[in-house]
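Beneath this line is the structure, given in structure tokens, with notes to follow.
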Amino acid sequence: MREIVHIQAGQCGNQIGAKFWEVISDEHGIDPTGTYHGDSDLQLERINVYYNEASGGKYVPRAILVDLEPGTMDSVRAGPFGQIFRPDNFVFGQSGAGNNWAKGHYTEGAELVDSVLDVIRKEAESCDCLQGFQLTHSLGGGTGSGMGTLLISKIREEYPDRIMVTYSVVPSPKVSDTVVEPYNATLSVHQLVENTDETYCIDNEALYDICFRTLKLSNPTYGDLNHLVSATMSGVTTCLRFPGQLNADLRKLAVNMVPFPRLHFFMPGFAPLTSRGSQQYRALSVPELTQQMFDAKNMMAACDPRHGRYLTVAAIFRGRMSMKEVDEQMLNVQNKNSSYFVEWIPNNVKTAVCDIPPRGLKMSATFVGNSTAIQELFRRVSEQFTAMFRRKAFLHWYTGEGMDEMEFTEAESNMNDLVSEYQQYQDATAEDEGEFDEDEEVEEA
């Protein structure tokens, strides 16, 4: 089978990772002890993608939990599915990264990285045919961002032909933990542009807005935000976990979604949006699902897709529904909004349907868009970065760990280049390809 090895790094990465395992274990009928209690063969048909079958018929997640301090991992271990993980796969330091990317990437994290790679190697060796790795982390802290990107580049060295996917939580001024988040995020994006194949940008600002506006939660907690993240992660991995034809592995998804290697930052969306513990009374119709999942309010990245154009889109519908109706509605969306899809990639919207809906819903839809509007998110981080960097504010925390200012300057310009590339393809039309060829050569040099 085509296995995926999951890594969660840092506080945020471990919290959303733990929620991800709770949600998909439930969908596959696996209880907190790793025992199967399901009612459908579909639940087990591709269980090997994310789980190892251990002795006594127990299913163990192919998960590695990493942090530079023990706190979050202790709470994962004490949490509802804490006992399902393999105890040897908890790898943690004691010092913490103090929200400092340099500590995660160059000093504290670098000391721990070899013991993490040993565990990753062991997991990879138990795979029959490893398709790739997925990492959950945030870009604003120290461990998930600094050590997370260090792990990515080390894994890239050792497994250059395997797919690397990240679920990256991008910082936002509305839900901010520390003032240096723009530094950590820019340094991380600098790494992700070069070293990942697919990055799902999950944005705290968008999650906060969804909780506040759509779900009417007056005071959203991280628990509420993480509920949305886990629903989205469950949705985008549906094709990988259940039998189906379309985007059934990470590589096929990448081939469909990434027209240019650097432009692999996706905007996820989900419909219907529900709050934690709520039951939905009325199943949405296929037209409603389709309309909602393309709606800017349902995007997990704080960017408005109407400010850009879609290069590619993947949609995953879940539940019992008419395939014909799904196809009609998806065509309908494209025809009505054709100006928002680039015309120089024909058939750039792909749709998959899976019979098994998520818990508590009759039908749901998950949206993955590669939109040029994602540049808004990088622009936002870049502006905050520049404001501090031009005064060299807080830089001593980074140079004190051995970093050079030059690395900041490079990261800043790489992110600004990324923004310009998105802009370039947003403005492109089918006719004027001649001009691009020359640009391309300059960039390669």
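From the backbone N, Cα and C atoms, a Cβ is placed for every residue, glycine too.
These numbers come from a predicted model, not from an experiment.
Per Swiss-Prot, the feature GTP binding site maps to GLN11, GLU69, SER138, GLY142, THR143, GLY144, ASN204, ASN226; the stated evidence is similarity to another entry. Under the heading Mg(2+) binding site, Swiss-Prot lists GLU69. Positions annotated as region 'Disordered' by Swiss-Prot: 424-445. The compositional bias 'Acidic residues' feature in Swiss-Prot is assigned to 429-445.
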(message) Through the lens of DSSP with three states only, how would you label SER138 (GTP binding site)?
(response) strand
(message) At a 10 Å cut-off from the C-beta of ASN204 (GTP binding site), count the other C-beta atoms across all protein chains.
(response) 26
(request) Quick one: among the binding-site residues GLN11, ASN226, which has the most Cβ atoms sitting within 10 Å of its own Cβ? (result) GLN11
(request) Output, ordered by sequence, the same-chain residues six or more apart from GLY142 (GTP binding site) with a CB under 8 Å from its CB, or 'none'. (result) GLY10, LEU68, GLY96, ALA97, GLY98, ASN99, ASN100, TRP101, LYS103, GLY104, ASN184
(message) Comparing the binding-site residues SER138, THR143, which residue's C-beta has the most other C-beta atoms within 10 angstroms in this structure?
(response) THR143
(message) Most Cβ neighbours within 10 Å: which of the binding-site residues GLU69, GLY144 is it?
(response) GLY144
